[in-house]
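To start, the structure under review is shown below, and the notes come after it.
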Amino acid sequence: MRFRSFFFSSSIFSLSHSRSPSLSSSRFSSLSAAMSPALEKSRQGNGGCNDDSKSKVTVVGSGNWGSVAAKLIASNALKLPSFHDEVRMWVFEEVLPNGEKLTDVINKTNENVKYLPGIKLGRNVVADPDLENAVKDANMLVFVTPHQFMDGICKKLDGKITGDVEAISLVKGMEVKKEGPCMISSLISKQLGINCCVLMGANIANEIAVEKFSEATVGYRGSREIADTWVQLFSTPYFMVTPVHDVEGVELCGTLKNVVAIAAGFVDGLEMGNNTKAAIMRIGLREMKALSKLLFPSVKDSTFFESCGVADVITTCLGGRNRRVAEAFAKSRGKRSFDELEAEMLQGQKLQGVSTAREVYEVLKHCGWLEMFPLFSTVHQICTGRLQPEAIVQYRENKL
Ligand SMILES: NC(=O)c1ccc[n+]([C@@H]2O[C@H](COP(=O)([O-])OP(=O)(O)OC[C@H]3O[C@@H](n4cnc5c(N)ncnc54)[C@H](O)[C@@H]3O)[C@@H](O)[C@H]2O)c1
C-alpha cells in the first residue's frame, strides 16, 4: 500500500530510490547460509519483492529500542502480504572491540551484539551503514535514534526522499529553535516534506525484546488509514498498539516523561521512599499535561490516560535508564557528572532526560513560565549543579 504525503504543524509558535528489493549479492553473501525461506524466495526473485504495490520499510536507527522495533516490524513484514519481506535497518557504524564492524556482525549473526545482545532480529532484517542507501526506495520510514542526532540525520536526507513516503517517529525528545520548541515529528515533516506519525508508550525495550506484554500509542493527524497501517506493522500478541488522533499530545508525553524520570531517580538516590516518588510522578504528570496544552492547545486530556501518558510515566520512573543514572547522580551528591555516569553505566546508549530537561528549561525561560513548572525547572537546575538533589522536593507546587 502506498500513501499520499501530507503534513502540517499547529502550535502557539506556528512551528512550525530504486532500492533493490532483493539484496545486493555482497550483502547476501554476508548473511548466514541458514536464510529464512521468505528471504530465500525474495533472493530468487519470486517472493513478490519486485511488486511495487508492496510497502518497503526502513528503520533509521539501531540502538536498544531501534533494534527491538526492527524485530517487531520484521516479524510482521513476513506475515503481512502488503509488505516486502526485507526490512532495512540503518546502523550508525561502529567498530567493535574485536575489530569487526557492527553492521557486518549484525548481518552475520542476526543480532545487534552491542545494543541488544542475545536477541535474534529476524533474518529479513538487513543492516546497512549507508543512510542514503538504506532509505532509497523505502516508502515507510521508522525513525528511532536518540533525539540529539535527528537534526543531522534529517539534514543528510534533505532532498533524498521522493515519492509517496510516510514516516513514524519513535524518538523521545525535542529540538529547541529560536522560534520555540520543535517536536521531532515536525522536524522530520518539515525537513523531508513527509507526513510523520509517532509511536510512544510504556516501552522499556529490553522487556519487549523478550516478548513481555506491553502497550503503545500511535499518534496521528489527518487520515486514520495511515495510523491503521502503522498499528498493523507494529502489533503483535505481546505488543498492543492503539491509535490516537493527537500527534502532539502523544509525542509530548513521550518526551516530557524523561524529565519526570530524572526527578524519580533523584528521589530513589536520596532514599526518600514510595510516597515521595508517587508525589513526584503525580506532579510530573500534571506539569506534562499543563505544558503540552500550553504549547499545543489541541492536545487532548484523554491522551494522558493512554500508554504514552500515565503508563509511560510509571514504567520509566520505576525502571528506565534515566531513573537509574539520576539515582547514581543523587547518590554521589552531584559529585559525578551525568556525562561521566552515562558513559560508565550505559556504554553507548544515550540518556534523553538530561538534555530534554535543558530544552524544556529553555522553553519555559523563553516564555516566562519557569514559576509555573517548578518540577521541570528544578530538575534542570539539579542536573547542572545549581541546586542540590534534595531540592527536588523543596518547592511549592503552582496551581495551573
Ligand atoms: N531503549 C528504550 O527502552 C527506549 C524505549 C522507548 C523509546 N526509546 C527512544 O528511542 C530513541 C532511540 O533510543 P535507543 O534506545 O534505540 O538508542 P540507544 O541509546 O540504545 O543507542 C544509541 C544509538 O545512537 C547511535 N549513535 C551514536 N552516535 C550517533 C551519531 N553521531 N549519529 C547517529 N546515531 C548515533 C548508536 O549507534 C546507537 O544506535 C530515543 O529517543 C529513546 O528515548 C528508547
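Placement of Cβ uses the backbone N, Cα and C atoms for every residue, glycine included.
In TrEMBL, annotation is done automatically, which means it is predicted and not curated.
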* According to TrEMBL, Arg321, Asn322 bind substrate; identify which of Lys160, Lys172, Lys177 is listed for that same site. => Lys172
* Structure fact -> Given that TrEMBL records Gly61, Ser62, Gly63, Asn64, Trp65, Gly66, Phe92, Phe149, Arg321, Lys350, Gln352 as binding NAD(+), the matching residue among Ala205, Ala209, Ala263, Ala264 is Ala205
* Residues of the domain 'Glycerol-3-phosphate dehydrogenase NAD-dependent C-terminal' (246-394) by DSSP state, where helix covers H, G and I -> 116 helix, 0 strand, 33 coil
* Max Cα-Cα distance in Å among Gly61, Ser62, Gly63, Asn64, Trp65, Gly66, Phe92, Phe149, Ala205, Arg321, Lys350, Gln352, the residues listed as binding NAD(+)? -> 21
* To do: Go through the recorded positions Gly63, Phe92, Lys172, Lys257, Arg321, Asn322 and pull out the ones with a Cβ less than 6 angstroms from some atom of ligand 1.
  => Gly63, Phe92, Lys172
* Top Cα neighbour of Ala205 (NAD(+) binding site) in the set of recorded positions Lys172, Lys257, Arg321 -> Arg321
* Sort out the sequence-distant neighbours of Trp65 (NAD(+) binding site) for me: same chain, 6+ apart, CB within less than 8 Å of its CB, listed by position. => Val144, Leu170, Asn203, Ala205
* Sorted by position, what residues of the same chain at least six away from Phe92 (NAD(+) binding site) have a C-beta under 8 A from it? -> Gly61, Ser62, Pro129, Thr145, Phe149
